[in-house]
Every structure is written in C-alpha cells, then in structure tokens.
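Asker: A single structure is presented below for examination.
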Amino acid sequence: MGRAELLEGKMSTQDPSDLWSRSDGEAELLQDLGWYHGNLTRHAAEALLLSNGCDGSYLLRDSNETTGLYSLSVRAKDSVKHFHVEYTGYSFKFGFNEFSSLKDFVKHFANQPLIGSETGTLMVLKHPYPRKVEEPSIYESVRVHTAMQTGRTEDDLVPTAPSLGTKEGYLTKQGGLVKTWKTRWFTLHRNELKYFKDQMSPEPIRILDLTECSAVQFDYSQERVNCFCLVFPFRTFYLCAKTGVEADEWIKILRWKLSQIRKQLNQGEGTIRSRSFIFK
C-alpha cells in the first residue's frame, strides 16, 4: 500500500481537526505540503505575499476562526485575498469543489485553478509560496551601541505595527465637478485608498489618505443601488459597487481602517502624515 493510500485510510478514522492541527505522524502528509504554513497569522501572510510574492502566489494556513477551518491566502495585483478551506471529516471543501482526499485537493492546485470573488477580480493560482526559503547566514557586527532615552521601563516598550488590510476592485465613482459616474479601479493598502483609470494603469488618478476621512456609510441620496460614501473635510466621495455584498465588504474594511486609525491616534502611537495627493 502506498503512502498516500495509507494516510488516506487514516483520514477516515481520525478526528477532522487532528488531521490539520496535530504535529505528530498522523498529519505527516499535510506537514510535508511545502506551502502549508501552519499557524501563520493573517497579517504575516499578507506581509509575506505582498513583499516577496507575485500575482498568483498563494499559501495555506490555519484559520483563527474555528477548528477545522483554514485559510487560503492569495496575492492579487495589489492586494491579498483570503478564502476559506474546510475539512468536514470526510472531504475538503474549497470554492465550488469538494475533494475526497488531500491528494485530490493538492492535485487541483497543481492544475492552476482560476478563482474569482464578489469584486470580479480573477486570479490564477500559479505560485505556491514555500514555508521554507533558503537565506544566507550572514550577520552584521554591532559597531555603535548607545541609549537614546533614559528612565524608561518595559512598560514603555509597546510593539506596534500598522495593519496591511488590503482590498482591490472596480467601483463606480461620481465626479467632483462634473457629476458623471465613471468606473475606476480602486486599491486599499495601509491607510491609502487609491483609484486608477483601470486595472492596468501604472499611476493613480488620486490617493486618498484615510487619516483625513471622518466617516464611511451607505448612501441613498444618489438614486443608485449599492452606493456608499466617504466623508472628507474637503469633499464627500460617492462610490457604487456591483453588488450589495461587495459594497458591504468595502464598507466593513474601510470602517475597520478608520477604527484602527482612531485607536492609534488615541494611544499616541506615532505620527500619521497627511497624503491626499491629486496627480491629474
């Protein structure tokens, strides 16, 4: 009996969560999967894929939501999207497909599946991101070492980092002077919301600094469906999504961004500079 059949037989008698979370021999096949990253966090997955991945890079990791549920993190053009993978105890569910074994699940990815979400963004899963990457063992020598502050304690040493929280997709935007509606490609990264003429445009039309935004909310004043607005001191931007689900996703992540910005401001963590630039 081959290794795959042996482990497949074990899969039918093991608790579903054990197959994915245990570190002993019962989860050998999963641990041998080079692009399974275990308990890698959502933030770390986004940082890895954005900094060192490319369009179509992906990795599998444990979900922090519930046992038996896992996340496939996928690098799109300027964002990272996350999709659920579920092990039911008898099969693996991903997207519209269900796989009776881990072998079939992995084989599906070997054939570079095409997937799309509510935003309409299509992605080909081409590049599994490895858990282990070779790096040179080179270290720098410390030549200068002094303290820039005095009298501080461990209570003053608070680790901080901005969330990446990326999203991208087409939205229809109302013009500022001429109130016509045009479809633009939007990208959200850190505290910047950029919009471009289309997905292939190298330079944004405008960068909106979300630290200046006071509110994000559904809007019913424009006689359009799936519309929401971003309120800035200098202007209110009206945007429309193709579906209600997509509009809700944008509102949720933008509101979450604003809550994180306010939290940082209230805690006095760093200086956030204003960067609302108009290029054309």
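Note: Cβ is positioned from N, Cα and C throughout, glycine not excepted.
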Asker: Give the range, chosen from 1-20, 21-40, 101-120, that Swiss-Prot lists as region 'Disordered'.
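Answerer: Here Swiss-Prot associates region 'Disordered' with the stretch 1-20.
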Asker: Using DSSP, break the domain 'SH2' (35-129) down into helix, strand and coil residues and give each count.
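Answerer: Result for the domain 'SH2' (35-129), in helix, strand, coil order: 20 helix, 36 strand, 39 coil.
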